[in-house]
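Here's the structure we're looking at; comments come further down.
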Amino acid sequence: MSPLKPPQDRHPPLCAVPQAAPPVRSFQIDFDRDCFLKDGAPFRYVSGSVHYARVPRAAWRDRLLRLYMAGLNAVQVYVPWNYHEPQPGVYDFSGDRDVEAFLDLAAELGLLVILRPGPYICAEWEMGGLPAWLLWTADIVLRSSDPAYLAAVDAWLHVLLPKIKPRLYQHGGNIISVQVENEYGSYYICDSSYLQHLLGTFRALLGPEVLLFTTDGAQVEDLRCGTLQGLYATIDFGPGSNVTEAFGTQRYVEPRGPLVNSEYYTGWLDYWGGPHASISAALVAQGLANMLQLGANVNMYMFHGGTNFAYWSGADFKGKYEPVTTSYDYDAPLSEAGDPTEKLFAIRTVISKFQPLPVGPMPPPTPKCAYGWVALHKVNYADLLDVLDVLSPSGPIQSQFPLTFEAIKQAQGFVLYRTQLPRDILAPATLRAPPHSICDRGYVMLQKEYQGTLERDGQTELRVKGKAGDMLDVLLENMGRISFGANFSDFKGLLGNLSLDSRPLSNWLIYPLTIDAAIHQGWPHAAQTKSSSRSRAGPAFYAGTFETPGIAWDTFVKFPGWSKGQLWINGFNLGRYWPQQGPQQTLFVPGSILRVGCPNNITVLELEGAPPNPSLLFLDQPLFNRTINHRLLDKE
């Protein structure tokens, strides 16, 4: 007989107390109550769009904090594919491209995320976020079931979405929903098997629980091709729309479920040569109030627009090519520089009537500095044609006829096309480009003398004369690929051959220009260069320096007397300037790119002609509209 066991304690030791299961995190749709459910409770989001690719990383926290303090509980985020995969299979998630850091920062500040990873995003971004290298494949059909396109998309999503999955709300993160494609109902192909393929890929990589949705315009015809069973359909419209009618369109596809405006337009974009867009704060606030009164979920596009730095601005095609300005201010509640506007406070007041605001004041505007005038000098031997060995170290490609950017595998920037006059042209002859074959601007030099500019939808011929063997150069500028509309196959460069009095030119040398790489390596400031007294028109580089007075604050640079070109400061490409075309007159210069205690290096590529005494003017406020009288700001 075995010895008796001691009586068991009816109360197990403390360490053995069963732990309560952590609450299950969920974000779902309640089709019975026409709302979202967050952790089982009804939930409504008031969100705003901020694009990390348009904001320097040093300013991310500032912009997101202001969004949070305005009373918003979510941020909507695009992921531009071409920003992260510049070459096939080459990925960049560092620095300003660290999307994971941006998402984690939003979580730290208490913001939920509505993610829009494309693969197409529009966003007035270069080629709608699609990489230009897709066009290296002959006859590829973008945004379709074309196997070549789907292979590239799948490879990209298999890199991106595994970074996203741990950050989904269900897995402890802050991403509550993920959009598939973007405004596909506005695209001409209407390929439902393409959307079905994307749905399968997103589900396979993100899991069955994540809420997937689509966004389309508030027209029934837009929703016909943009929606798919298994993807919750949302719409977009601006403050001028009838709210009841617009949501009636959503109800046509989604009879039950939450009302969602995924893009409520707080302003609009600017095109070069057009007016500066503006929508009144009162109109935006009233439209928001009307939607919130209906219980709708709203994302404000944009809440902060930011800047199309470098070559990232896209273009529209509305009967003609319309490139977007460098500034993406958008007349948004937060200005291009991140400052709160009257519109922000009007929106904040509306939100306060529907949900509590965070405790505390809105952060004040960031300090700006008017650094004043900075004189530049033309770099000796820095007419663009004089430094091809620096700008095109790989040398030229020989071809009987011109090749596009895509054919020589260059995505952005500039390419130089060179040939010779085949015969003496003693009387002026017509140098002509076929219609729409200059993509997008061509700066013409004969024997290094600037002759004029050819344009995509403008001037397509010039009168020239010279001798047999004279050097003819055409510098082609890519002004940004079309980001919305039917034709995304927006090839760049010389798409057709030039002719001289109707006789085609041949035997071209084509120079891919890597200007940014040269400037990153210190050119021209690190080179042994001198000032040049030559004032010849045409593409040329100008350089100068300035020092900050012990601070590195944001500023805005104006170009009095300049024509058109590109600006770099300390190697950072700030984008295109074009004051003659407007409306934008200044470029935003983030303080985070400036240096304190040592010179700041300025490099300007002027494409048509600089003023006789080239100088830049640094201001403490932007000038967006060319109709403003700038005489007091121009140097006499």
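Cβ from N, Cα, C; glycine included.
Just so you know, TrEMBL annotations never went through curation; they're auto-generated.
These features come from TrEMBL:
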ACT_SITE  E183  active site, proton donor
ACT_SITE  E263  active site, nucleophile
DOMAIN    36-353  domain 'Glycoside hydrolase 35 catalytic'
DOMAIN    402-513  domain 'Beta-galactosidase 1-like first all-beta'
DOMAIN    539-597  domain 'Beta-galactosidase galactose-binding'
Segment confidence, the domain 'Beta-galactosidase galactose-binding' (539-597), expressed as mean pLDDT: 97
Intrachain C-beta neighbours of E183 (active site, proton donor), sequence separation six or more, cut-off 8 angstroms: C122, T215, D216, G217, D222, G226, D236, F484
Other CB atoms within 10 A, centred on E263 (active site, nucleophile): 24
Residue distribution over DSSP helix, strand and coil in the domain 'Beta-galactosidase 1-like first all-beta' (402-513): 0 helix, 58 strand, 54 coil
